[in-house]
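Annotation source Swiss-Prot lists disulfide bond at Cys351-Cys417, Cys380-Cys449, Cys384-Cys451, citing similarity to another entry. The N-linked glycosylation site annotation in Swiss-Prot covers Asn209, Asn325, Asn343, Asn393, and the record cites sequence analysis as its basis. Annotation source Swiss-Prot lists region 'Disordered' at 316-345. The signal peptide annotation in Swiss-Prot covers 1-25.
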Amino acid sequence: MHWTVFLLRGIVGFLWSGWVQVGYAKGGLGDNHVHSSFIYRRLRNHERREIQREILSILGLPHRPRPFSPGKQASSAPLFMLDLYNAMASEDNPEEYLVRVSLAGEAKETRKGYPASPNGYAHRLHLPPRTPLTTQSPPLASLHDTNFLNDADMVMSFVNLVERDKDFSHQRRHYKEFRFDLTQIPHGEAVTAAEFRIYKDKGNHRFENETIKISIYQIIKEYTNRDADLFLLDTRKTQALDVGWLVFDITVTSNHWVINPQNNLGLQLCAETGDGRSINVKSAGLVGRHGPQSKQPFMVAFFKASEVLLRSVRAASKRKNQNRNKSNSHQDPSRMPSAGDYNTSEQKQACKKHELYVSFRDLGWQDWIIAPEGYAAFYCDGECSFPLNAHMNATNHAIVQTLVHLMFPDHVPKPCCAPTKLNAISVLYFDDSSNVILKKYRNMVVRSCGCH
């Protein structure tokens, strides 16, 4: 019942730009083809602010992120994360998500066969299964990376913070340094995998017959008068003329940095020939910060929330719903639309799934939410009256409750129309530091309804 009440309140947020959109579905409980009629009402400012706070709370964000203005060319980290988003989103709702990216790096959803509504909203919320469009050819994200998604509920990419090369000793004159800020990671998230990625173009023709060894080190301790102590993390061997992304495993180091952020002194990278001669990383073909934006080095980490964190989130959500229900009982009926506003006794139908589309773009969040532009949340509404037929997905308890309600209508209420199956959505967004975050939010989309 609480979920139904929440969704009915959420009707106010159908059109975040300032309009309410209410749809009545036609069809059975399992019918994904939703046809709608619409009622519009302009939102008051305090309603819009409340909706913004609620959505940010669901996303686990204390405030609206305000990233730096992106450049004209899409950079490597967001492109990589878009590939992961496609993989994760197609797994969550394979018929819902399809992402393409423009040269400016702006993510857009496409939905085949969606006639536009007066405010740009789709009336038809079903797509036949299709392979998601990718941001790169070939994709930046490999099968190995997408496999990490099975154990992760959040992925973050980090940009290199080093703006000027250090002067190292003659022995390490060709070393390059990289630093990443991991302090923005939410509390309770554990690193399941982490990678450092750097792009390799063709190396200098002098080394065309050479095998080049590229090594990545963790900086253990820094000194003012000599080179830092280094710990070897990973090594890759490649031919000078090879082209593509080199991936280094830095999982253990990333976990150490998350637990002990004061020890995050960064990474150093070097390139050597087969006989051990240190060479300039640019001569080896490695692309640094002066290269194209789409080939910039970056770090990516996969996270999974601890069970303690999940329990605390569920407890906080439960308390919040209780407080919301208390406030609703004292609320002016004219302030928020209720089920009775849209479902008169003549219109009331059996329990079924109805349209509810949430648009991030119309909320004005397109500068920090990369994808999706919005999502079809749906909600459940309708009567659970005797007899409960097979199409109502009624539980045995609901059937018994219906019979008892017939005998004692003043003491036992009817069963409630509620979701019987919920799906997750994936959201890709920038944080305040312009790091890109991909996070899975569970129980966000109603797949089917029934009587409970």
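Keep in mind that glycine also has a Cβ here, set from the backbone N, Cα and C atoms.
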Fewest-neighbour residue among disulfide-bonded residues, criterion Cβ within 10 Å, set Cys351, Cys380, Cys384, Cys417, Cys451: Cys384
Nearest-integer angstrom distance between the alpha carbons (Cα) of Cys384 (disulfide bond) and Cys351 (disulfide bond): 6
Cβ-Cβ neighbours of Cys449 (disulfide bond) (radius 10 Å): 28
Top Cα neighbour of Cys417 (disulfide bond) in the set of recorded positions Asn209, Asn393, Cys449, Cys451: Cys451
Number of other Cβ atoms within 10 Å of the Cβ of Asn209 (N-linked glycosylation site) across all protein chains: 10
For Cys451 (disulfide bond), the one of Asn209, Cys351, Cys380 that lies nearest, given that the recorded positions are compared by Cα: Cys351
Three-state secondary structure, Asn209 (N-linked glycosylation site) (per DSSP): coil
When distances run from the Cα of Cys380 (disulfide bond) to each of the recorded positions Asn209, Cys351, Asn393, the nearest one: Cys351
Around the Cβ of Asn393 (N-linked glycosylation site), the count of other Cβ atoms that are within 10 Å: 22
Candidate nearest Asn393 (N-linked glycosylation site) in space, where candidates are the recorded positions Asn209, Cys351, Cys449 and distance is Cα-Cα: Cys449
Nearest-integer angstrom distance between the alpha carbons (Cα) of Asn209 (N-linked glycosylation site) and Cys449 (disulfide bond): 64
For Cys351 (disulfide bond), the three-state class that DSSP assigns: coil
Distance, Cys449 (disulfide bond) to Cys351 (disulfide bond) (CA atoms, angstrom): 7
